[in-house]
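Working notes, structure below.
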Amino acid sequence: MSSKDISSKSPSGNDALNDKKGTKTSETNDRNSTNNTKERDELEDLSEEDLQLKNDLELLVQAVQDATPELVGSSLTQLKEIIRTSTSSMTAVPKPLKFLRPHYFTLVKIYDSWPQSPQKTQLADILSVLGMSYSNTSKHESLKYRLQGVTTDPSLWGHEYVRHLASEIEEEFASRQEEEAPTDDLMELALTIVPFFLTHNAEADAIDLLQELGAIEKVVPFVELDNASRVCLYITSCVNLLPFPEDVAMLRTAHAIYRKFDQLTQALNVAIRLDDMSLIKEDCEAATDPLLKKQMSYMLARQQIPMDMGDEELNDALNNTHLSDHFHYLGKELNLMDPKVPEDIFKTHLEVARTGLGASGVYSAKQNLANTFVNALVNAGYSNDRLILVDDEKTSWIYKNKESGLISATASIGLLQLWNVDMGLSLLDKYLYSSEENTKAGALLGIGVTNVAVRNEADPAMAILSEYLETGSVKLRASAILGLGLAYSGANREDLLDMLSPIVTDTDCPMQLSCLAALSLGLIFVGTCNGDVASTILQTLMEREESAQNDQWGRFMALGLALLFNGKQDLADATVETLKAIEGKIARQAEILVDICSYAGTGNVLHIQKLLHICSEPPSDDAKESETTIQTFAALGVATIAMGEDIGAEMVLRHFDHMMHYGEPSIRKAIPLALGLLSASNPQMRIFDTLSRYSHDNDLDVAYNAIFAMGLVGAGTSNARLAQLLRQLASYYHKESNALFMVRIAQGLLYLGKGTMTLNPYHTERQILGQTAFAGLMTVVLAMLDANTFVLDTSHWLLYAITLAIRPRMLITLGEDGQYLPVSVRVGQAVDVVGQAGRPKVITGWVTHTTPVLLHHNERAELATEAYTPLTSLEGIVILKKNTEDIEMTA
């Protein structure tokens, strides 16, 4: 085919190009016509008033472009006024901002072309507001023009503008910090915004802004009496979500605000949470009202903080001298003083019929021991029962136990006489002269148990127990050592350090005694970071021979060291590094336990991730036992860290579910105990149904721990569903003596103190972690991790460490004369009111009672009468003051 033919059949190049151009032109025309149509439609939709506003704004923009400097000023002023009045309420995009959208970049060019002048700063103000809607947010143009504009109050432009400005300040501050650029101008601007937030129910925005700038303490001067409680509530609720040391800075700010308005009881709660003795002393010394001082003494007593208040009556309150009397008053008012026997708890007539019970002597002894524990737990603190404290000593249940069972049976007198020191000592005294060594050892341990949480100037526990530290059998010495640890937990006593340190360091001493001495020192100096105790234990770990490193009691030496750093976070780093340099199994256990305890209850996500990583690593074959123990502790540590923060606690439940499916046996046996710690005395159906499933596991170690954890979860609640599940387990395991023993212990815990007590270590509206309560729970849980060696063998008396966590969940109100004052209170489920405007209700589904009353987990009380004002939040022992004037800021 010729070229002529081709050219005749195909369009020329120019024609094709023209066709393309024509297509593009038509597309552009179509788009323009669409835009024009849209604009015409918008103009047609506008009302006359809006059209007038649009024309006025365009004229003002034109005037800014063309007018002389004199006219520019008036045009800018008019423009500013129109925008300001429209942005004061931002329910929708204000019309002036909408109409000025096409002119934003025109105004930016004008601004850039002008020399520095008052008119330029005025235009910067306008551009700052317009930038909120039109500019590229990554350029922070609202902030840029704000800093270049006039120094008028940013709040003139409305709430939405101020919030937008605050977010840009936070972003700009972060980028400048990375570049190490100065930030003084940002801080100055932030401090002009904070008062606006605080006076417009936006306390959360003010706190967040200053917290991002690392200057949370600067909020204190701006806080007023009417918003102080809301500010502090938001600050304290944020603490669990922040890393160290930001959490400490937040708490110190809340403390400063409370002190500013003389809210001393709230300030003291924050100081206790900080565990700062200097602040605690300052708060106590600042109180001039004797009633307020007494209330503060009761608050310190709950945390077992050792202090001298300089007054006998105050010291009695601080030392829990009358705690037994208060508890007996509660029991009498609730008609609970009649003692119960184990059969009342077991309700064996409701269990499925069984055969072959009691066939062996071993089983019978185990059953009697279980009954001993159940009897002590159910009647704890009531100073009466029908098995042990009987008139005819020959019929006493103590002598129905054998060998090591006698230790626990005799020590149970201490639990029955819990907090009632005088009566407890008089009843235990005769057993100190017993020829039976186990009975004598039990009496020594019982003395420690009855003295838990109660201080006495005469120091009867130390006077008696110190005589048995150096001489006598291992059983007597072990009971005396642990008894001292229980009696003086949290006392921070240097004289006890001198007594117990030689036992820790003596390499010829049995490993059991050294480890118990280290544990007792940990209990006595819990959360103090005491350098002498730490160096003593570290030195012992270095000097102990290799054979001692494999001793099962070694975990308690590691725990003793870990408890010193309870809740101290980064302050434990030096000790962790030292432990890394020490060889041996106990040092590895101590390393992980110190890490766990130092972050206990903080909810620190990074540490939870670190522990989950340890759990996920398959242990190597050559060091299997050591590594699996560390994984066991790590699984437990996840719950220990997450327990103080509800969201974190919810999240780890899913991880635990996965671990039970795919984890190593060493991890699986720790998960039920972790669930028990996470939800102690808080029977959530989701958790105890899960534990019920694990209680039938093929691995008996898992089953034992799941059964015990069911007791922890339901402790002191008398939960009917849990009681039914435990009765079913008693039938299921009727031929397995160890499992049945665990079921009985769990049943005893469920009815702890006849349903009046709790094991949950948190108190004061679940904000403060009780150091000694946590230490007691950890001691028992670590023993349960190897139940066959300890609790199910001859060391079942370790269960008495749980006494440290026992406290009555009562609300008792006292009058100004110190006498019991029954008043009406509303008790209901606590409601999270953080960040809500106004004064919302803090409880829901409430029922009116007359004090004394019991408070369940997550329940809160408020007075139903205006005749009195409580000196602190309604929990524990509260003093009521006759109402003479309205209190602006309530507890």
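Residue numbers in this text run from 1 along the chain shown.
Positions of Cβ are set from backbone N, Cα and C atoms, glycine also.
Annotation source Swiss-Prot lists compositional bias 'Low complexity' at 1-12.
As annotated by Swiss-Prot, compositional bias 'Basic and acidic residues' applies to 17-30.
Among the features that Swiss-Prot reports, phosphoserine is placed at S10, with the record citing experimental evidence.
Annotation source Swiss-Prot lists region 'Disordered' at 1-48.
Positions annotated as repeat 'PC 1' by Swiss-Prot: 408-441. DSSP states for the repeat 'PC 1' (408-441), grouped as helix (H, G, I), strand (E, B) and coil, give 27 helix, 0 strand, 7 coil.
Residues 301, 304, 306, 318-321, 323-324, 406-415, 417-421, 424-425, 428-429, 431-432, 434, 484-489, 491, 495-496, 499-500, 503, 510, 512-513, 516, 772, 797, 800, 803-804, 806-807 of the same chain lie 6+ residues outside the repeat 'PC 2' (442-478) yet bring a C-beta within less than 8 angstroms of a C-beta in it. The repeat 'PC 2' annotation in Swiss-Prot covers 442-478.
Listed by sequence, the residues of this chain that lie at least six past the ends of the repeat 'PC 3' (479-513) yet keep a Cβ under 8 A from its Cβ atoms are 303-306, 407, 411, 441-442, 444-449, 451-453, 455, 461-462, 465-469, 472, 519-528, 530, 532-533, 536-537, 539-540, 543-545, 548, 551, 553-554, 557, 771-772, 775-776, 797-798, 800-801, 803-804. Look at Swiss-Prot and you will find 479-513 tagged as repeat 'PC 3'.
Per Swiss-Prot, repeat 'PC 4' is recorded for 517-550. Across the residues of the repeat 'PC 4' (517-550), the predicted structure has a mean pLDDT of 92.
Counting same-chain residues at least six beyond the ends of the repeat 'PC 5' (673-704), those with a Cβ under 8 angstroms from any Cβ of the stretch are 635-636, 638-640, 642-643, 649, 652-653, 656-657, 660, 665, 710-717, 719, 721-722, 725, 729, 732, 736, 738-739, 742, 758-761, 777, 781, 784-785, 787-788, 792, 805, 809, 857-858. If you look up Swiss-Prot, you'll see 673-704 marked as repeat 'PC 5'.
Secondary structure of the repeat 'PC 6' (705-739), assigned with DSSP and counted as helix (H, G, I), strand (E, B) and coil, comes to 26 helix, 0 strand, 9 coil. Residues or ranges marked as repeat 'PC 6' by Swiss-Prot: 705-739.
Under 8 Å from some Cβ of the repeat 'PC 1' (408-441) lie the Cβ atoms of residues 320, 323-324, 327, 369, 372-373, 375-377, 379-385, 388-389, 397-398, 400-401, 447-454, 456, 460, 464, 473, 475-476, 478-479, 796-797, 799-800, 803, 806, all in the same chain and six or more residues away from its ends.
Listed as Cβ neighbours of the repeat 'PC 4' (517-550) (distance under 8 Å, sequence separation of 6 or more from its ends, same chain) are residues 275, 481-482, 484-486, 488-493, 496-497, 500-501, 503-505, 507, 511, 556-557, 559-568, 571-572, 575, 578-579, 582, 584-587, 590, 771-772, 774-776, 779, 804. Secondary structure of the repeat 'PC 5' (673-704) per DSSP (helix as H, G, I; strand as E, B; remaining residues coil): 21 helix, 0 strand, 11 coil.
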